[in-house]
Amino acid sequence: MTNTHNDLTIAANACFLIFGATGDLARRKLFPALYSLYREGKLEEDFAVVGIARRARTNEEFREDLYQSIQEFCRYKADRDDQWERFAQHFEYKSLDSSNVLGFHELRELTNQLDVKFNIPGNRLFYLALGPELFGSVSQNLRSGGLLDSPGWHRLIIEKPFGYDLKSAETLNAQIHEVFKEDEIYRIDHYLGKEMVQNIEAIRFANAFFEPLWNNKHIANIQITLSETVGVEERGGYYDKSGALRDMGQNHMLQMVTMIAMEPPSRMLPEDIRDEKVKVLRSLRGYSSSEEVRNHVIRGQYSHGSHKGKDLPAYREEDSVNPSSTTETYFAAKVYVDNFRWAGVPFYVRTGKRLPVKTTEIVVEFKNVPENVYFAKKSVLQPNLLVIRVNPMEGIFIKINTKRSGSESVIIPIAMEFCQSCEIGHNTPEAYERLINDAARGDSTYFTRWDEVALAWSFVDRIAKAWSEDASDLHHYPAGSWGPDQANNLLADDGFKWWPVNGQDEDDVIWISNKQG
Ligand SMILES: NC(=O)C1=CN([C@@H]2O[C@H](COP(=O)(O)OP(=O)(O)OC[C@H]3O[C@@H](n4cnc5c(N)ncnc54)[C@H](OP(=O)(O)O)[C@@H]3O)[C@@H](O)[C@H]2O)C=CC1
Ligand SMILES: O=C1O[C@H](COP(=O)(O)O)[C@@H](O)[C@H](O)[C@H]1O
């Protein structure tokens, strides 16, 4: 296997045009990412950023918003010193309505001037941090307004959701393709920018003791949990139309399944990796009938509850949510990848809002040794686990069995943990930081290609269709709980259980960890 990922140290030399520059995503993620890249030398002095939105802002006001966003959300804090002044002078604001081509000619003039001012060879990175209804028209306006006439490369980063279902995604894709070629389109799935999701490749392909066991002969099941403590916050309007399956399942969840299940690519090149991911998506067993869906997918919606003593409203009481909504805020599914490697191995996946803990974790449960011939009378052997902790804690642990020291044959489980975030602390780049840097360097490995998106929608659409026909299987769970009990039966029916996240509640396990305290 050849590793041909681009050199991470190359600095971007481009004009970034951020559409939606006064919005939540820009403030919480994009500006902090750009500042971190600057502090780390991945942006040098030959770049410019134009923030675009409708509301009026002077450049000074925009730079003040930028400063506040960095103070609040960036892993580096800024001082109002020369370095800050140098950084801020790369930012300009342009007020325009993106759905209308009128302002785009002026935008082109502005970017041409910035090219000269900052010695940029016409490279353009367009970031659409806008509502999805604007993605198509903005792409068209970029062309009509002459923004694609500059020398250099032109790339489009597009936010999720990429469509609402396969049909709408196809329409959107066709609109964008009228303007941009596939290799110029960078569809964001920010989970692919997370350190430990990217680390899956290394864990699998750089370790002699994992890859030979990475198949249905040795793996009993895979569990992926994306749990959130938050509710829908200010996004009730969007979320009530989307639900957990579209919001997290179609993208982040299935992307993690592909990273775990894909075959080793022949080279670590974007297209080779994406080809392997597509094969996994093609192998997903589709559930079509209502009965199949009910047997394999559990959905839930949070009702009134509490978390850490705080009273929490029901989903139906949240702002901009239909009071009789049947939108799921939770789903758990048993997924099969029907190929030679994974035949018969269930992938149990679950995600939900208002669960007890914020965590993203992947558990690989290995099959037991053939027979517990030696220790059965005294000990119950626990399965070996490999646990990849993605979020918020980053790291891995493995759980193995060993003889209790001094005993004759008492077997005890030991968890050996490497807490990566404990080692490097705030130096872990944020997902958006990596992804913006990758797009600026032309590395599309951790962005989703159209065929991945389309296949993921095909899988999700069937479930969504069955659900839309009959909502009687929507279970209500108290906010602050682990979701509907029915999700436990998915595993119990196969003789498994959800492993506690973060290794919590496992009193009998001895931990060996680099964590302090
Ligand atoms: N926020 C988040 O954490 C995440 C967001 N996303 C996606 O990112 C995108 C942006 O989300 P978010 O920042 O939360 O949304 P916001 O509603 O906070 O921001 C929307 C932005 O778009 C601008 N805008 C809206 N209409 C126009 C228009 N016609 N012309 C120019 N600018 C316009 C708004 O500014 P103004 O009103 O001044 O025009 C504002 O800057 C969405 O697609 C969302 O789904 C994806 C994952 C996470
Ligand atoms: O894309 C989304 O992701 C967030 C969770 O992201 P994380 O990085 O904090 O785990 C989720 O809250 C949101 O609903 C969804 O749109």
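In case you wondered, yes, glycine gets a Cβ from its N, Cα and C as well.
What TrEMBL annotates here:
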- GLY20, ALA21, THR22, GLY23, ASP24, LEU25, ALA26, ARG27, ARG54, LYS160: NADP(+) binding site (BINDING)
- HIS190, LYS194, GLU228, ASP247, LYS353, LYS358: substrate binding site (BINDING)
- 308-319: compositional bias 'Basic and acidic residues' (COMPBIAS)
- 18-199: domain 'Glucose-6-phosphate dehydrogenase NAD-binding' (DOMAIN)
- 302-323: region 'Disordered' (REGION)
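Each of the binding-site residues ASP24, GLU228, ASP247 was ranked by the number of other C-beta atoms within 10 Å, and first place falls to ASP247.
Filtering GLU228, LYS353, LYS358 by Cβ distance to ligand 1 (under 6 A) retains none of these binding-site residues. Summary for the binding-site residues HIS190, LYS353, LYS358: the Cβ-based neighbour count within 10 Å is maximal at LYS353. Checking the binding-site residues THR22, LYS194, ASP247, LYS358 against ligand 2, the ones whose Cβ sits under 6 Å from it are ASP247. With every protein chain in view, the residue among the binding-site residues ARG54, LYS194 whose Cβ has the most Cβ partners within 10 Å turns out to be LYS194.
A 10 Å cutoff on Cβ-Cβ distances gives THR22 (NADP(+) binding site) a total of 18 other Cβ atoms nearby, all chains included. For the pair ASP24 (NADP(+) binding site) and LYS194 (substrate binding site), the Cα-Cα distance reads 20 Å.
With a 10 A radius on its CB, ALA26 (NADP(+) binding site) counts 24 other CB atoms from all the protein chains. The DSSP breakdown of the region 'Disordered' (302-323), given as helix, strand and coil counts, is 3 helix, 8 strand, 11 coil.
Note: the Cα of HIS190 (substrate binding site) and the Cα of ALA26 (NADP(+) binding site) are spaced 14 Å from each other.
Here the candidates are the binding-site residues GLY20, THR22, ALA26, ARG54, and by Cα distance the one nearest GLU228 (substrate binding site) turns out to be ALA26. Taking the C-alpha positions, the distance from LYS194 (substrate binding site) to ALA26 (NADP(+) binding site) comes to 18 Å. Cα of ALA26 (NADP(+) binding site) to Cα of LYS358 (substrate binding site): a distance of 23 Å.
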